[in-house]
Amino acid sequence: MWTLALGGIFLAAVEACVFCRFPDRELSGRLARLCSQMEVQWKDCEVSWTFSAFALDDASLNKITEKTHRVLRVMEIKGSLYSLPSYWQWLRKTKLREYNREALCPPSCRGSTILYNCSTCQGFEVYCWPRKRCFPGSHDLWEARILLLFVCGTALLLGVPSLAVE
């Protein structure tokens, strides 16, 4: 239980994961320029950069950073900034939650994994989430064994009188 609390404290300290990788892409500077151009339409642009509820593993961090680079590049080329708020909301509400869960749940996480605190861009080892948290409603191996033993026992109990009757 204390490992879940430690994981929750760690996840609360995470911000703007997309800025930790590929410094040559200069995502924070590019996003700041786009936000300054969109100041009238989207007042909370720079506030939306913080992703305080997420932590990502190495592969997910690379995917999100590369995806954000490509989206910003398309916006810069086309000069169309109106899709920036919808991309940022999609990133926060859908993709980061998915990658965060993927990093902390089986099969990709076994025992513990390294997640990156994006406010410092340093990796920390955290324990994986239990299977019941990752897949609520699914049965774990112990419950499957109990169910299998119950079915076998019932079959034997019904089989013995059936054999005696025959």
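Glycine is no exception: its Cβ is also placed from the backbone N, Cα and C atoms.
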Disulfide-linked residue for Cys121, taking Swiss-Prot as the record, within Cys20, Cys35: Cys20
Spatial neighbour of Cys128 (disulfide bond) that is closest, considering only the recorded positions Cys20, Cys109, Asn117, Cys121, Cys134 and their CA atoms: Cys109
Residues in the topological domain 'Extracellular' (17-145) grouped by DSSP into helix, strand and remaining coil: 71 helix, 14 strand, 44 coil
Among Cys20, Cys105, Cys109, Cys134, which are recorded as disulfide-bonded residues, the nearest neighbour of Asn117 (N-linked glycosylation site) by Cα: Cys20
Cβ neighbour count within 10 Å of Cys128 (disulfide bond): 19
